[in-house]
Amino acid sequence: MKTSKLNFLTLVASTGLALAFLSGCTSNTGTTQSAKLYSEEELGLRKATIYNENKTLVKEFEYSKEPAGASKVYERSFENAPPMIPHDVEGMMDMSREINMCTSCHLPEVAEAAAATPMPKSHFFNMRTGEDLKGAMDEARYNCSQCHTPQANVTPLVDNRFRPEFRGEDAKNRSNLIDTLNEGVK
């Protein structure tokens, strides 16, 4: 009987403390500022409802129309980043293991003659098995647009203040990922 009375008193006391604590946390007294509430239309970059696409306005944009070989090469976003596609890609993006228009200019043996960026050594190496494929392109690399994307002529919605740091001048336009992949690991 004594134990159950003690348990009951402990329960009442702890409940009272919990209620006092919670009421202090939710009190509106004092000099607290109220948070600004945002409507659903103000959320995100689109400034439109998130429930349907009826009022979503997409600004007109165009991809580069410069032909391959005549376009400027973009500096990479960071060291060993996949290079962006600076040229027109009309008719080039239907890719399969058997047909890939990108390789007709970007394979190392033809890249210089085509004035194209050559595919790096990492594309001729199986990252899963660690096997050097001796000049054969890794089958995991045939879908070029998985990493490389054409650039549209648009104004960024958000200012990008990121400034990359490259360890060498050539890293701005070339990849040495296969040579640096295990840095700091071993």
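Any Cβ shown, glycine's included, is placed from N, Cα and C.
Taken verbatim from Swiss-Prot:
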- His87, Cys102, Cys105, His106: heme c 1 binding site (BINDING)
- His123, Cys144, Cys147, His148: heme c 2 binding site (BINDING)
- 1-20: signal peptide (SIGNAL)
Chain-internal residues near His106 (heme c 1 binding site), provided their CB is under 8 angstroms and they sit 6+ positions away: Ala114, Ala116, Thr117, Pro118, Met119
Surrounding CB atoms that lie within 10 Å of the CB of His123 (heme c 2 binding site), all protein chains: 22
Annotated heme c 2 contacts His123, Cys144, Cys147, His148, maximal Cα-Cα distance (Å, integer): 13
Intrachain C-beta neighbours of Cys102 (heme c 1 binding site), sequence separation six or more, cut-off 8 angstroms: Met92, Met95, Cys144, His148
Three-state secondary structure, Cys102 (heme c 1 binding site) (per DSSP): coil
Rounded distance in angstrom between the Cα atoms of Cys105 (heme c 1 binding site) and His123 (heme c 2 binding site): 15
8 Å Cβ shell about His123, Cys144, Cys147, His148 centroid, heme c 2 site members excluded: Pro82, Cys102, Met119, Arg141, Asn143, Ser145, Gln146
The one of Cys105, Cys144, Cys147 whose CB sees the fewest other CB atoms within 10 Å, among these binding-site residues: Cys147
